[in-house]
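J.: Here's the feature list from TrEMBL:
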- Glu313: active site, proton acceptor (ACT_SITE)
- His312, His316, Glu335: Zn(2+) binding site (BINDING)
- 24-205: domain 'Aminopeptidase N-like N-terminal' (DOMAIN)
- 240-456: domain 'Peptidase M1 membrane alanine aminopeptidase' (DOMAIN)
- 545-863: domain 'ERAP1-like C-terminal' (DOMAIN)
- Tyr397: site 'Transition state stabilizer' (SITE)
Amino acid sequence: MEQKQKTILHQFKSQPRLPNFAIPNRYDLHLKTDLSACTFSGAVQITLTIVDDTKIIVLNALELDIHGVSYSNSDTQIYKPSDVLLDKEDEILVLVFDDMLGVGEGVLEIEFSAPLNSHLKGFYKCTYVDGGVKKNMAVTQFEAVDARRCFPCWDEPALKARFKITLDVSKEFMALSNMPVLDEKLTGDIKTVYFEESPHMSTYLVAFVIGLFDYIEETTVDGIKVRVYCPLGKSEEGRYSLSLAIKVLDYFTKYFSMSYPLPKLDMVAVPEFSGGAMENNGLIVYRENLMLYDDLHSSAKNKQVLAICVAHEVAHHWFGNLVTMAWWSDLWLNEGFATWVSYMAIETLFPEWKMWTQFLQQTASGLVIDALEESHPIEMEVHPARSIDDKFDAISYKKGSTIIRMLQIYLGDENFQKALSEYIKRYAWKNAKTDDLWAVISEESGTQINLMMDTWTKQMGYPAISVKSSDNTLEFEQSHFLLSGLHSDSQWIIPITLSLGSYNKQKNFVIETKFHKVDISKDFADANTTTTPETIPNTGDGNFWIKVNTSQSGFYRVKYDDKLASQLRKAVENNVLSETDKFGVLDDAYALCQAGQQLLSSLLSLIDVYRKELDYIVTSRLIHVCNGIVNIATEAIPDLVFELKQFFINVLQFSATKLGWEPILDEDHSSAILRGRLYTALASFDDDKTHEEAMQRFQAYMRDRKTTLLSADTKMAVYLAVIRKATVSSRYGFESMLQLYREADTAENREEILRILAACPDQDLLVEALDFLVSDEVREQDIVYGLAGISFEGRHRAWKWFKDNWDPIFNRYGANFLLTNFVRDIITPFCSNEEANEIEEFFATRPHEAVAMDLKQSLEQVRIKARWVEFIRQDHSLPDLIEKLAAKGSS
């Protein structure tokens, strides 16, 4: 490259945004695809406005071959660039002209070509089997910054434009895009498909899919045609998603007081996709297992996951697509809101599912990550733009959605809905920042929320609130909760909810300082006793209790003094708390224990009072906590692990016996999900009875695939029990799983097997499982299921395998999101500083920006557990307590 060209490029190096010499208004994009050669070529005519006289135009392009460029102004004068410079590192295309381009409108035309890549981003190829023949299709995934891999563009969310798309495809293929088909023309074997021009939208929402599908369709009451495109022969498996889409479109239209903004909605299931789904404007793309549902063979859990997924993606057409964040630093405005409103929609459509109760799983996941020093604020710096890739995380989605829920409860449903409707109306087809949202909500609700909400979005982390009772007063103290035990001076403005002995006696107030006191004597003015917490009777059954963060609606932890904690434990035992509060008491205690602020013996005593729990969300968290304790105990107190497992088996046995293995006629949705969760947990704790029953059911299934002994909801539990018994010398379970995987004709069935395949304790068999997961038999996208299931016993062998296979793993998975799963799932099980040091040393010579944040967070979690191990070893009451608890038997 000549010095002059280097000098030109240098002025645009490492810039956070594109220079604003020109602004795009409209793209006329014509692409020609060749699925046999896996290539595409195209031409784009970009109508743009030159803002300042310039000799340079800078836009985004990556991995494209540029063949021709010209610019014509409004006087039809044509300019050819003297230099066409591509900078791969900054992902820009710099066009240098000898003559000045004057202010005004013009058209930039660029011809280009590229291969269809195999990295599940940009414009990529994926394969499927039709009639035993392997075939190609082409799919796009442009979020966050990969439209530039398909065509030169101003690839920033604020630079919205209209899009007129034309696709040339082989005549046998369907071509889908954001807008309805305007016309089709056949020239020999090539079909040219012309699509209607789109409204203003960001480049990351542009999409097209080329392949063969069957479809079904319905029309909403507002006249919106909704189609679901399925693999050939599987259109009926799209029926459930179609009905959901129709219902949630109606729900969001009413909730936001704004009609769906496009003339059609297509949803398409593709065989290879790096994420779960993508909300492209008018063309949502899904993994097959998140759109296809079989009434006879799909589990209740999958039905629910699919419902949330469809609602989430459709919701983006208001939050994200219609009103778009101004820059990636406000990603949470897309993902946090879509997560929150998807739960609200499904709660309304299926109230018996108790989705707001299940929403606590979102909250809990957010609380875990945000208790790390390596967390980040909801509003964050994003530079360069590609660094956003690792911020599609629990902070943007789960913390984001939880603080929205917290604000909704604080302001009230009606005020909140009214404010959101106004926000959507005011910023429709435009871009907005977090401050814009707070301004509208403050204006519409009459409550100034900016200062309060800034404490939740502009700083990382959250508070733990210590609560002490003293006579008629509750004393509160807030501090930054970090699992590492470190402290900071951060403070929050916290909307507090609390219940005093009954859900009929509640207080709501705001803590704005580090210390706060509340007089509760007036709340019991009608009591005929002294008005102190020590003597106030509970209005329900059992003793008096105080529960802060009623229904777990706030994003914070609560640490009670010994007396209040004891009263709450009694309230759990007497079953006078709601399921959300039982969840919260347990989850907070577990987090405090991990942070070294509570003894494990205290946590185990609390778990003991959950023996008769039948609620899905509480039992699910109980299982999560028990799993975490077994894993840490394996490192800290290995001699007590067997008895500890026996204690947990006994705790869960009451619920398992009550539900049984067989589905009960007309049982509720949550019972079906809970059954699978319970028996999976018992299998993971190596309960002999569960393993024996599971093996009998599995053998019956292997003899007859139509047996009723293996229900969709218990299949995972059975598979796990079978694989945990498999060894290199006793391979029946492992080989049977491979056989079932190869027979599977649905993505859901393949996913179930992949999730447990590496759960075998046998080290050599684990390596075989890991080798299979990265073989050509498993789609790249599906590696996420297998890695999440690696047995705790196999963590050291999995790490050695990962190191030995780093190069091929990096070459195959390093170009997309999937490498982060290897880092997170293989590293986080470790529990010692020595292991953390070894991991750090390994990656010191293998830096990779896409996994940098996940690596830091994973290493921090290892060191947190190492610290916890030391705390546990100093708890000398544990041996006697665990022996006593294990001996109690099941209730």
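Going from the start of the chain as shown, residues are counted 1 onward.
Placement of Cβ uses the backbone N, Cα and C atoms for every residue, glycine included.
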J.: 10 Å Cβ neighbour count around His312 (Zn(2+) binding site)?
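T.: A count of 27.
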J.: For Glu335 (Zn(2+) binding site) and Tyr397 (site 'Transition state stabilizer'), determine the Cα separation and express it in whole Å.
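T.: One finds 5 Å between the Cα atoms of these residues.
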J.: Taking only the Cα atoms, work out how far Tyr397 (site 'Transition state stabilizer') lies from His312 (Zn(2+) binding site), in Å, as a whole number.
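T.: If we compare the Cα positions of Tyr397 (site 'Transition state stabilizer') and His312 (Zn(2+) binding site), the gap is 11 Å.
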J.: Across the domain 'Aminopeptidase N-like N-terminal' (24-205), what does the pLDDT come to on average, as a whole number?
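T.: In the predicted model, the domain 'Aminopeptidase N-like N-terminal' (24-205) has a mean pLDDT of 96.
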J.: From the centroid of the CB atoms of His312, His316, Glu335, the recorded Zn(2+) site, which same-chain residues not already listed sit within 8 A by their CB, in sequence order?
T.: Glu279, Glu313, Ala315, Phe319, Gly320, Asn334, Phe337, Ala338, Thr339, Ser342, Tyr397
J.: So for the residue listed as 'active site, proton acceptor', how many other CB atoms are inside 10 Å of its CB?
T.: 26
